[in-house]
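Only one structure is covered here, and it is reproduced in the block below.
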Amino acid sequence: MAKMAASMVDSGEDAFRKIFKFYRRRNPPPDLTGVTDFSGGEPGDRVSGNDVEASRVGLKPVREWRAFGLQGYPGFIFISNPFLRGCQAFWVRQCLKTYPQKPNICNLDMHMNPSETQDIWGQSRWNFIFLTYKENRNTHTLLEKLRWVTLGYHYNWDSKTYSSSSHTPFPSDLHSLSSRVSAACGFPGFQSEAAILNFYRPDSCLGIHVDESELDHTRPLLSFSFGQSAIFLLGGRRRQDPPTAMYMHSGDVMVMSGQSRLLYHAVPCILPAAAGRSALEAEGPVPDPDPDRDLRDGALPEPVSQEDWTVCRRYIQTSRVNVTVRQVLEPGQSLPETRACSPQGTAAAAADRRSEKRKRSSGSTDSVHTSHT
Ligand code: OGA
Ligand code: MN
(Lines of atoms letter the chains of each structure in order from A and count residues from 1; the text may use other names and numbers.)
(Lines give C-alpha, C1' and ligand atoms only; values in the text may rest on other atoms or scores of the structure.)
(Ligands and ions follow the chains in the order given, each with its own letter.)
Protein backbone atom coordinates (compact mmCIF):
# COMPACT_ATOMS: atom_id res chain seq x y z
CA MET A 1 0.00 0.00 0.00
CA ALA A 2 2.76 2.43 0.95
CA LYS A 3 4.47 1.61 -2.34
CA MET A 4 1.26 2.06 -4.32
CA ALA A 5 0.54 5.37 -2.58
CA ALA A 6 4.05 6.66 -3.26
CA SER A 7 3.93 5.80 -6.95
CA MET A 8 0.57 7.54 -7.25
CA VAL A 9 1.82 10.73 -5.66
CA ASP A 10 4.66 10.88 -8.15
CA SER A 11 2.36 10.51 -11.10
CA GLY A 12 -0.09 13.30 -10.51
CA GLU A 13 -1.87 15.99 -8.60
CA ASP A 14 -4.68 14.40 -6.67
CA ALA A 15 -3.33 11.32 -4.94
CA PHE A 16 -6.53 10.92 -2.94
CA ARG A 17 -8.68 10.63 -6.04
CA LYS A 18 -6.42 7.98 -7.53
CA ILE A 19 -6.53 5.86 -4.40
CA PHE A 20 -10.30 6.39 -4.17
CA LYS A 21 -10.65 5.03 -7.70
CA PHE A 22 -8.34 2.13 -6.89
CA TYR A 23 -10.63 0.95 -4.06
CA ARG A 24 -13.80 1.73 -6.01
CA ARG A 25 -12.79 -0.51 -8.89
CA ARG A 26 -14.91 -3.65 -9.41
CA ASN A 27 -13.08 -5.51 -12.15
CA PRO A 28 -10.61 -6.77 -11.24
CA PRO A 29 -11.34 -6.22 -7.55
CA PRO A 30 -8.68 -4.21 -5.69
CA ASP A 31 -5.96 -5.81 -3.60
CA LEU A 32 -7.05 -5.24 0.01
CA THR A 33 -3.89 -6.52 1.69
CA GLY A 34 -2.77 -2.98 2.59
CA VAL A 35 -6.00 -2.04 4.34
CA THR A 36 -5.58 -1.54 8.10
CA ASP A 37 -7.89 -3.77 10.15
CA PHE A 38 -8.14 -2.55 13.73
CA SER A 39 -10.34 -5.48 14.75
CA GLY A 40 -7.24 -7.65 15.13
CA GLY A 41 -4.70 -5.17 16.53
CA GLU A 42 -3.34 -4.28 19.95
CA PRO A 43 -5.14 -1.27 21.38
CA GLY A 44 -3.54 1.64 23.18
CA ASP A 45 -4.67 3.27 26.40
CA ARG A 46 -6.71 6.16 25.03
CA VAL A 47 -10.08 6.15 26.74
CA SER A 48 -11.47 6.33 30.25
CA GLY A 49 -14.92 6.84 31.68
CA ASN A 50 -17.95 5.75 33.65
CA ASP A 51 -18.98 2.11 33.03
CA VAL A 52 -22.63 2.28 34.17
CA GLU A 53 -23.26 5.36 32.05
CA ALA A 54 -21.75 3.53 29.08
CA SER A 55 -24.02 0.51 29.53
CA ARG A 56 -27.12 2.72 29.42
CA VAL A 57 -26.38 3.47 25.79
CA GLY A 58 -25.39 -0.13 25.02
CA LEU A 59 -21.61 0.30 25.31
CA LYS A 60 -19.20 -2.04 27.09
CA PRO A 61 -17.41 -0.79 30.20
CA VAL A 62 -14.93 1.83 28.95
CA ARG A 63 -11.92 -0.09 30.28
CA GLU A 64 -12.84 -2.93 27.85
CA TRP A 65 -12.95 -0.71 24.76
CA ARG A 66 -10.29 -1.41 22.16
CA ALA A 67 -9.26 2.11 21.16
CA PHE A 68 -6.48 2.83 18.64
CA GLY A 69 -4.57 5.85 17.46
CA LEU A 70 -3.01 6.05 14.02
CA GLN A 71 0.56 7.19 13.49
CA GLY A 72 0.68 10.49 11.63
CA TYR A 73 -2.93 11.35 12.53
CA PRO A 74 -2.96 13.01 15.96
CA GLY A 75 -6.50 13.30 17.34
CA PHE A 76 -7.84 10.37 15.32
CA ILE A 77 -9.21 7.58 17.52
CA PHE A 78 -10.64 4.31 16.22
CA ILE A 79 -12.72 2.30 18.70
CA SER A 80 -13.24 -1.22 17.46
CA ASN A 81 -16.89 -2.08 18.16
CA PRO A 82 -17.35 -0.99 21.79
CA PHE A 83 -21.04 -2.05 21.85
CA LEU A 84 -22.31 -4.70 24.23
CA ARG A 85 -23.36 -7.86 22.42
CA GLY A 86 -26.98 -7.49 21.25
CA CYS A 87 -27.06 -3.71 21.74
CA GLN A 88 -26.22 -2.55 18.21
CA ALA A 89 -29.70 -3.72 17.23
CA PHE A 90 -31.24 -0.84 19.18
CA TRP A 91 -29.20 1.73 17.24
CA VAL A 92 -29.91 0.11 13.89
CA ARG A 93 -33.63 0.17 14.72
CA GLN A 94 -33.39 3.88 15.69
CA CYS A 95 -31.63 4.67 12.40
CA LEU A 96 -34.13 2.80 10.24
CA LYS A 97 -37.41 3.28 12.12
CA THR A 98 -37.19 6.31 14.41
CA TYR A 99 -34.74 8.90 13.06
CA PRO A 100 -36.17 9.03 9.51
CA GLN A 101 -39.51 10.18 11.00
CA LYS A 102 -40.68 13.78 10.84
CA PRO A 103 -39.66 16.40 11.79
CA ASN A 104 -36.27 15.07 10.67
CA ILE A 105 -35.39 15.59 7.00
CA CYS A 106 -34.38 12.91 4.48
CA ASN A 107 -33.47 12.70 0.80
CA LEU A 108 -37.00 11.52 -0.06
CA ASP A 109 -38.38 14.88 1.11
CA MET A 110 -36.59 16.48 -1.84
CA HIS A 111 -39.13 15.06 -4.28
CA MET A 112 -42.05 13.88 -2.13
CA ASN A 113 -44.66 15.51 0.06
CA PRO A 114 -44.24 15.22 3.83
CA SER A 115 -47.43 13.09 3.94
CA GLU A 116 -45.76 10.53 1.66
CA THR A 117 -42.53 10.38 3.65
CA GLN A 118 -44.26 10.41 7.03
CA ASP A 119 -44.03 6.69 7.68
CA ILE A 120 -41.13 5.23 5.70
CA TRP A 121 -40.78 2.27 8.05
CA GLY A 122 -44.53 1.50 8.11
CA GLN A 123 -44.74 1.58 4.32
CA SER A 124 -41.69 -0.64 3.86
CA ARG A 125 -41.67 -3.17 6.66
CA TRP A 126 -44.10 -5.73 5.16
CA ASN A 127 -41.85 -6.14 2.16
CA PHE A 128 -39.02 -7.07 4.46
CA ILE A 129 -41.14 -9.33 6.63
CA PHE A 130 -43.06 -11.25 3.96
CA LEU A 131 -41.31 -10.95 0.64
CA THR A 132 -38.16 -12.79 -0.23
CA TYR A 133 -35.57 -10.11 -0.75
CA LYS A 134 -34.39 -10.03 -4.34
CA GLU A 135 -31.61 -7.65 -5.29
CA ASN A 136 -32.93 -7.27 -8.83
CA ARG A 137 -36.62 -6.65 -8.28
CA ASN A 138 -37.51 -3.37 -9.87
CA THR A 139 -39.65 -1.80 -7.20
CA HIS A 140 -37.86 -0.62 -4.12
CA THR A 141 -39.40 0.28 -0.80
CA LEU A 142 -38.97 3.77 0.61
CA LEU A 143 -36.57 2.29 3.15
CA GLU A 144 -34.38 1.04 0.32
CA LYS A 145 -34.54 4.47 -1.32
CA LEU A 146 -33.39 6.24 1.82
CA ARG A 147 -29.91 7.77 1.31
CA TRP A 148 -29.58 10.33 4.08
CA VAL A 149 -31.37 11.76 7.10
CA THR A 150 -30.38 14.94 8.94
CA LEU A 151 -31.02 15.63 12.64
CA GLY A 152 -30.76 18.75 14.81
CA TYR A 153 -29.42 21.57 12.66
CA HIS A 154 -30.29 20.20 9.21
CA TYR A 155 -27.34 20.36 6.89
CA ASN A 156 -28.08 22.29 3.72
CA TRP A 157 -26.39 20.29 0.95
CA ASP A 158 -26.58 23.19 -1.45
CA SER A 159 -25.10 26.02 0.58
CA LYS A 160 -23.07 23.61 2.78
CA THR A 161 -24.21 25.50 5.85
CA TYR A 162 -26.38 25.08 8.93
CA SER A 163 -28.99 27.66 9.82
CA SER A 164 -31.03 28.53 12.90
CA SER A 165 -34.16 28.47 10.72
CA SER A 166 -33.74 24.77 9.91
CA HIS A 167 -33.47 23.09 13.27
CA THR A 168 -35.44 20.38 15.09
CA PRO A 169 -34.74 18.79 18.49
CA PHE A 170 -31.75 16.44 18.52
CA PRO A 171 -32.67 12.87 19.66
CA SER A 172 -31.71 12.59 23.34
CA ASP A 173 -30.66 8.93 23.09
CA LEU A 174 -28.17 9.67 20.30
CA HIS A 175 -26.86 12.62 22.27
CA SER A 176 -26.32 10.34 25.31
CA LEU A 177 -24.35 7.88 23.17
CA SER A 178 -22.28 10.68 21.61
CA SER A 179 -21.52 12.46 24.86
CA ARG A 180 -20.40 9.17 26.47
CA VAL A 181 -18.02 8.44 23.61
CA SER A 182 -16.63 11.96 23.39
CA ALA A 183 -16.16 12.20 27.17
CA ALA A 184 -14.28 8.89 27.16
CA CYS A 185 -11.99 10.31 24.47
CA GLY A 186 -11.21 13.41 26.52
CA PHE A 187 -13.95 15.78 25.36
CA PRO A 188 -16.44 16.29 28.19
CA GLY A 189 -19.40 18.59 27.58
CA PHE A 190 -19.89 17.64 23.92
CA GLN A 191 -23.13 19.08 22.52
CA SER A 192 -24.71 16.93 19.79
CA GLU A 193 -26.23 19.61 17.59
CA ALA A 194 -26.35 18.05 14.13
CA ALA A 195 -26.12 14.57 12.65
CA ILE A 196 -26.05 13.11 9.18
CA LEU A 197 -27.15 9.51 8.68
CA ASN A 198 -25.87 7.93 5.47
CA PHE A 199 -27.52 4.78 4.10
CA TYR A 200 -25.28 2.78 1.78
CA ARG A 201 -26.47 0.14 -0.70
CA PRO A 202 -23.87 -2.35 -1.99
CA ASP A 203 -22.73 -0.01 -4.79
CA SER A 204 -22.79 3.25 -2.84
CA CYS A 205 -19.82 5.40 -1.97
CA LEU A 206 -19.15 8.75 -0.33
CA GLY A 207 -16.96 11.20 -2.17
CA ILE A 208 -13.79 12.91 -0.95
CA HIS A 209 -14.61 15.73 1.46
CA VAL A 210 -13.79 17.64 4.64
CA ASP A 211 -16.48 18.35 7.24
CA GLU A 212 -15.88 22.02 7.83
CA SER A 213 -19.38 23.54 7.92
CA GLU A 214 -19.49 23.38 11.70
CA LEU A 215 -18.38 26.63 13.33
CA ASP A 216 -16.53 24.98 16.21
CA HIS A 217 -13.71 22.76 14.99
CA THR A 218 -12.26 22.24 18.46
CA ARG A 219 -15.01 19.68 19.15
CA PRO A 220 -14.65 16.13 17.76
CA LEU A 221 -16.63 14.62 14.92
CA LEU A 222 -18.03 11.21 15.85
CA SER A 223 -18.85 8.42 13.43
CA PHE A 224 -20.83 5.24 14.16
CA SER A 225 -21.06 2.39 11.62
CA PHE A 226 -23.62 -0.41 11.46
CA GLY A 227 -24.31 -3.28 9.07
CA GLN A 228 -22.04 -4.09 6.14
CA SER A 229 -18.34 -3.24 6.31
CA ALA A 230 -16.70 -0.51 4.25
CA ILE A 231 -13.32 0.97 3.44
CA PHE A 232 -12.57 4.37 4.93
CA LEU A 233 -9.87 6.58 3.45
CA LEU A 234 -8.31 9.13 5.77
CA GLY A 235 -6.13 11.69 4.01
CA GLY A 236 -4.41 14.92 4.93
CA ARG A 237 -5.17 18.64 4.82
CA ARG A 238 -4.56 18.69 1.07
CA ARG A 239 -6.07 16.59 -1.71
CA GLN A 240 -2.55 15.68 -2.82
CA ASP A 241 -1.86 13.87 0.47
CA PRO A 242 -2.30 10.11 -0.08
CA PRO A 243 -4.85 8.61 2.32
CA THR A 244 -4.58 5.64 4.67
CA ALA A 245 -7.14 2.90 4.00
CA MET A 246 -8.88 1.13 6.89
CA TYR A 247 -11.83 -1.18 7.37
CA MET A 248 -14.96 -0.03 9.16
CA HIS A 249 -17.00 -2.91 10.53
CA SER A 250 -20.36 -2.93 12.23
CA GLY A 251 -20.22 -1.23 15.63
CA ASP A 252 -16.95 0.60 14.94
CA VAL A 253 -16.69 4.17 16.20
CA MET A 254 -14.31 6.81 14.87
CA VAL A 255 -13.44 10.08 16.50
CA MET A 256 -11.87 12.84 14.40
CA SER A 257 -10.54 15.50 16.72
CA GLY A 258 -7.65 17.94 17.10
CA GLN A 259 -5.39 17.96 14.06
CA SER A 260 -7.47 15.20 12.45
CA ARG A 261 -10.78 17.07 12.65
CA LEU A 262 -10.38 18.74 9.25
CA LEU A 263 -8.75 15.98 7.20
CA TYR A 264 -10.01 14.83 3.81
CA HIS A 265 -11.82 11.51 3.97
CA ALA A 266 -14.09 9.29 1.86
CA VAL A 267 -15.80 5.90 1.63
CA PRO A 268 -14.95 4.36 -1.77
CA CYS A 269 -16.77 1.07 -1.35
CA ILE A 270 -18.97 -1.18 0.74
CA LEU A 271 -17.70 -4.69 1.38
CA PRO A 272 -20.35 -7.39 1.46
CA ALA A 273 -20.01 -9.68 4.47
CA ALA A 274 -18.15 -12.87 3.64
CA ALA A 275 -20.36 -15.86 2.84
CA GLY A 276 -22.83 -16.48 5.59
CA ARG A 277 -24.18 -14.05 8.10
CA SER A 278 -22.48 -10.82 9.07
CA ALA A 279 -21.35 -10.55 12.68
CA LEU A 280 -24.23 -8.24 13.51
CA GLU A 281 -26.86 -10.53 12.00
CA ALA A 282 -25.47 -13.40 14.03
CA GLU A 283 -25.51 -11.23 17.15
CA GLY A 284 -29.26 -10.63 17.16
CA PRO A 285 -31.32 -8.16 19.18
CA VAL A 286 -31.11 -9.62 22.66
CA PRO A 287 -28.44 -8.31 25.02
CA ASP A 288 -26.17 -11.04 26.33
CA PRO A 289 -26.98 -11.79 29.95
CA ASP A 290 -23.59 -11.41 31.62
CA PRO A 291 -23.73 -12.23 35.33
CA ASP A 292 -20.48 -10.36 35.94
CA ARG A 293 -21.86 -7.04 34.78
CA ASP A 294 -22.85 -4.75 37.57
CA LEU A 295 -25.87 -3.20 35.91
CA ARG A 296 -29.07 -2.04 37.47
CA ASP A 297 -32.36 -3.11 35.83
CA GLY A 298 -33.23 -0.95 32.90
CA ALA A 299 -29.66 0.22 32.46
CA LEU A 300 -29.50 -1.09 28.88
CA PRO A 301 -31.24 0.37 25.82
CA GLU A 302 -34.78 -0.90 25.37
CA PRO A 303 -34.94 -4.33 23.62
CA VAL A 304 -35.89 -4.51 19.94
CA SER A 305 -38.96 -6.62 19.09
CA GLN A 306 -38.50 -9.70 16.93
CA GLU A 307 -40.58 -8.11 14.17
CA ASP A 308 -38.51 -4.92 14.11
CA TRP A 309 -35.33 -6.98 14.17
CA THR A 310 -36.49 -9.02 11.15
CA VAL A 311 -36.77 -5.81 9.14
CA CYS A 312 -33.43 -4.46 10.40
CA ARG A 313 -31.65 -7.77 9.87
CA ARG A 314 -32.83 -8.08 6.28
CA TYR A 315 -31.92 -4.46 5.59
CA ILE A 316 -28.38 -4.77 6.90
CA GLN A 317 -27.87 -8.03 5.00
CA THR A 318 -26.93 -5.79 2.08
CA SER A 319 -26.62 -2.27 3.50
CA ARG A 320 -24.55 -0.09 5.74
CA VAL A 321 -25.67 2.78 7.96
CA ASN A 322 -23.30 5.48 9.18
CA VAL A 323 -24.14 8.22 11.66
CA THR A 324 -21.87 11.25 12.07
CA VAL A 325 -22.60 13.48 15.03
CA ARG A 326 -21.33 17.04 15.17
CA GLN A 327 -21.20 19.94 17.58
CA VAL A 328 -21.89 22.93 15.36
CA LEU A 329 -21.43 25.89 17.72
CA GLU A 330 -19.07 27.04 20.40
CA PRO A 331 -20.86 27.39 23.75
CA GLY A 332 -22.82 30.65 23.65
CA GLN A 333 -22.44 31.08 19.90
CA SER A 334 -25.46 31.28 17.58
CA LEU A 335 -25.99 30.69 13.90
CA PRO A 336 -27.09 33.29 11.40
CA GLU A 337 -30.68 32.89 10.24
CA THR A 338 -30.71 32.32 6.51
CA ARG A 339 -33.77 33.02 4.35
CA ALA A 340 -36.49 30.71 5.68
CA CYS A 341 -37.84 28.44 2.97
CA SER A 342 -39.87 25.25 2.85
CA PRO A 343 -37.74 22.11 2.56
CA GLN A 344 -39.69 21.39 -0.64
CA GLY A 345 -38.88 24.46 -2.72
CA THR A 346 -35.13 24.73 -2.30
CA ALA A 347 -34.68 21.05 -1.69
CA ALA A 348 -36.17 20.01 -5.01
CA ALA A 349 -33.97 22.46 -6.84
CA ALA A 350 -30.96 21.28 -4.89
CA ALA A 351 -31.74 17.65 -5.66
CA ASP A 352 -32.00 18.45 -9.35
CA ARG A 353 -28.67 20.20 -9.26
CA ARG A 354 -27.18 17.22 -7.47
CA SER A 355 -28.44 14.75 -10.04
CA GLU A 356 -26.97 17.00 -12.74
CA LYS A 357 -23.66 16.80 -10.94
CA ARG A 358 -23.95 13.03 -10.67
CA LYS A 359 -24.52 12.74 -14.44
CA ARG A 360 -21.43 14.78 -15.08
CA SER A 361 -19.32 12.57 -12.86
CA SER A 362 -18.76 8.86 -13.33
CA GLY A 363 -22.05 7.32 -14.47
CA SER A 364 -21.71 4.16 -12.41
CA THR A 365 -21.17 5.97 -9.12
CA ASP A 366 -24.01 5.65 -6.67
CA SER A 367 -22.97 8.25 -4.14
CA VAL A 368 -25.08 8.56 -1.01
CA HIS A 369 -24.88 12.30 -1.50
CA THR A 370 -22.88 13.84 -4.26
CA SER A 371 -22.63 17.35 -2.94
CA HIS A 372 -19.76 16.37 -0.66
CA THR A 373 -17.50 15.63 -3.60
C1 OGA B 1 -19.91 12.02 6.58
C2 OGA B 1 -18.93 10.90 6.54
C3 OGA B 1 -18.40 8.57 6.70
C4 OGA B 1 -19.03 7.21 6.64
O5 OGA B 1 -21.11 11.74 6.63
O6 OGA B 1 -19.49 13.17 6.59
O7 OGA B 1 -17.78 11.17 6.37
O8 OGA B 1 -18.39 6.29 7.13
N9 OGA B 1 -19.33 9.63 6.68
O10 OGA B 1 -20.12 7.05 6.08
MN1 MN C 1 -17.35 13.30 6.60
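Each Cβ is built from the backbone N, Cα and C atoms, and glycine gets one as well.
If you look up TrEMBL, you'll see 191-287 marked as domain 'Fe2OG dioxygenase'.
Per TrEMBL, Fe cation binding site is recorded for His209, Asp211, His265. Reduced to three states, the DSSP call for Asp211 (Fe cation binding site) is coil.
Look at TrEMBL and you will find 281-302 (among others) tagged as region 'Disordered'.
The compositional bias 'Basic and acidic residues' annotation in TrEMBL covers 290-299.
TrEMBL lists 331-373 (among others) with the feature region 'Disordered'.
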Tally the residues of the domain 'Fe2OG dioxygenase' (191-287) by DSSP class, grouping H, G and I as helix, E and B as strand, and everything else as coil.
8 helix, 42 strand, 47 coil
On a simple 10 Å Cβ count over all chains shown, which one of the binding-site residues His209, His265 is most densely packed?
His265
For a quick check of packing: other C-beta atoms within 10 Å of the C-beta of Asp211 (Fe cation binding site), how many?
19
